[in-house]
Amino acid sequence: MGQVAWKALCLSLFDYKTEKYVIAKNKKVGVLYRVVQLSIMAYIVGWVFVVKKGYQDVDTSIQSSVITKVKGVAFTNTSELGERLWDVADYVIPPQGESVFFVMTNLIVTPNQRQDTCAESSGIPDALCYRNSDCNSGEAVAAGNGVKTGRCLKVGNSLSGTCEILAWCPVEKKGRPKKPLLANAENFTVYIKNSIRFPRFKFSKTNVLDTTDDSYLKTCRYGPDHPYCPIFHLGNLVSWAGSNFQEMASEGGVIGIQIEWNCDLDKPPSECNPHYSFSRLDNKFAEKSVSSGYNFRFAKYYRDAADVDFRTLIKAYGIRFDVMVNGKAGKFNIIPTVINVGSGVALMGAGAFFCDLVLLYFLQKSNFYRGKKYEEVRYVVFRCKGACGVAEAFEISTLGEEFPLKRGKVDSYAQELEEGSRSRGTPHTHDNIKNLEGDSALWLF
């Protein structure tokens, strides 16, 4: 018996099983099924493959280098500086521009500062005093310019004064000019050279068009007529970011220049070009917000004939430009293609499952369709009377329930057994009957 069981198990390894389909003649469910199929197909073809290019391998690890070069000159005539011509070396900080460069548009100049003692600025709360004891010697002035010497300096018969400090004197006292000193910076230009590389595909490109015209970079300016020209007017950059250049030049600010590379490497390399966008990055919550603007201080140092150091302090207001580069490249690859096709096939199966739920549980004839889709496995038992010359036939379900069979049903089982035996080439013999408990027999198929 054990050998027979093992033999049957081994032979079953080579059996092929296939699904049995039930065709439901229901137009409502049929139309629903086709609509679901078409929707899934439209999603896979339209969105996954056409819009998202699901057939491509994508590289988002872009490697980028940015070089900037500003050009332009301006002439000013002020009481502090007199007549002066400003060129790139004067107003661009740092002079070697990279992904961030600053253009000075306004400034406060405090010339000829020396290491000395002088009165602190009256606009600093920690420097206010009424007597010398209010100025502790050696104590730094909070948010001030130097260290207290212990003296309280008063002007005339004033009751209050300011502490004397050791600092670079005289200290800065002037306010910011309302009009920008370098208002002509609006007409300056900046050349932005961006080189990128996608390491996965070993693809490199720059934002400078391949052209044999030597005068192209001298004459082109970025705009609708030249969308791939890398030379920009500073005034246009601020305008495209939604701000006014003259207002921004007075107190300073930050402009973001976004360079986006979206390259389809299944197309020629000449079609891989950058797209530019511009935005204001500094927080300008209100027109008179204390947090608005952008400024910093720097100094230029000198030494006179008496070997005494002095300096010119400059508080610079201006516009900082941040160049940010993002991008991705895609190229056909069989692996993502197969994965997305497989996902689409799985979605088709989900659509069929949804329609099955509607057919089997949400229609008026759901019970009828469930009875046709799900079959209960039963076997036939003949209980003999006497010497088994006359027998009663029963169907036994997998739950042990007995269902008496009529004569017609018995004949159909007999015919099925006969046809099955004939198709297998085995005659209908007593070997097809298995004894059960002495007085019953199981008809095997």
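Cβ from N, Cα, C; glycine included.
So that you can see what the record holds, here are the features copied from TrEMBL:
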BINDING   Lys69, Val70, Lys71, Thr189, Asn295, Phe296, Arg297, Lys315  ATP binding site
DISULFID  Cys118-Cys169  disulfide bond
DISULFID  Cys129-Cys152  disulfide bond
DISULFID  Cys135-Cys163  disulfide bond
DISULFID  Cys220-Cys229  disulfide bond
DISULFID  Cys263-Cys272  disulfide bond
CARBOHYD  Asn187  N-linked glycosylation site
TRANSMEM  31-50  transmembrane segment
TRANSMEM  341-363  transmembrane segment
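Structure coloured by features recorded in TrEMBL.
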{"residue": "Lys71", "record": "ATP binding site", "DSSP (3 states)": "strand"}
{"residue": "Cys129", "record": "disulfide bond", "DSSP (3 states)": "strand"}
{"residue": "Cys152", "record": "disulfide bond", "DSSP (3 states)": "strand"}
{"residue": "Cys163", "record": "disulfide bond", "DSSP (3 states)": "strand"}
{"residue": "Cys220", "record": "disulfide bond", "DSSP (3 states)": "coil"}
{"residue": "Cys263", "record": "disulfide bond", "DSSP (3 states)": "strand"}
{"residue": "Asn295", "record": "ATP binding site", "DSSP (3 states)": "strand"}
{"residue": "Lys315", "record": "ATP binding site", "DSSP (3 states)": "strand"}
Item checked: Neighbour tally for Lys69 (ATP binding site), based on other Cβ positions within 10 Å of its Cβ -> 15
Note to self: Going by Cα-Cα distance, which of the binding-site residues (Lys69, Asn295, Arg297) sits nearest to Cys135 (disulfide bond)?
What the structure shows: Arg297
Notebook entry, point to check: Thr189 (ATP binding site): which of the disulfide-bonded residues Cys118, Cys129, Cys263 is the nearest Cα neighbour?
Noted result: Cys263
Check: How big is the Cα-to-Cα gap, in Å, between Val70 (ATP binding site) and Cys229 (disulfide bond)?
Finding: 15
Item checked: Conformational class of Cys118 (disulfide bond) under the three-state DSSP mapping -> strand
Next item on the list: Measuring CA to CA, name the entry from the binding-site residues Lys69, Lys71, Phe296, Arg297, Lys315 that ends up nearest Cys272 (disulfide bond).
Entry: Lys69
Next item on the list: Quick one: give me the count of other CB atoms within 10 A of the CB of Cys220 (disulfide bond).
Entry: 17
Notebook entry, point to check: Which is it, of Cys118, Cys129, Cys163, Cys229: the one of these disulfide-bonded residues whose Cβ has the most other Cβ atoms within 10 Å?
Noted result: Cys163
Checklist line | In three-state DSSP terms, the structure that Thr189 (ATP binding site) belongs to | finding: strand
Check: Going by C-alpha positions, which of the disulfide-bonded residues (Cys118, Cys129, Cys220) is nearest Arg297 (ATP binding site)?
Finding: Cys118
Next item on the list: Tell me the Cβ contacts of Lys71 (ATP binding site) under 8 Å, same chain only and six or more apart in sequence, or just say none.
Entry: Val88, Phe188, Thr189, Val190, Tyr191
Checklist line | Cα-Cα distance linking Cys169 (disulfide bond) and Phe296 (ATP binding site), given in Å to the nearest integer | finding: 19
Notebook entry, point to check: Which one is it: of the binding-site residues Lys69, Asn295, Lys315, whose Cα lies the shortest distance from the Cα of Cys263 (disulfide bond)?
Noted result: Lys69
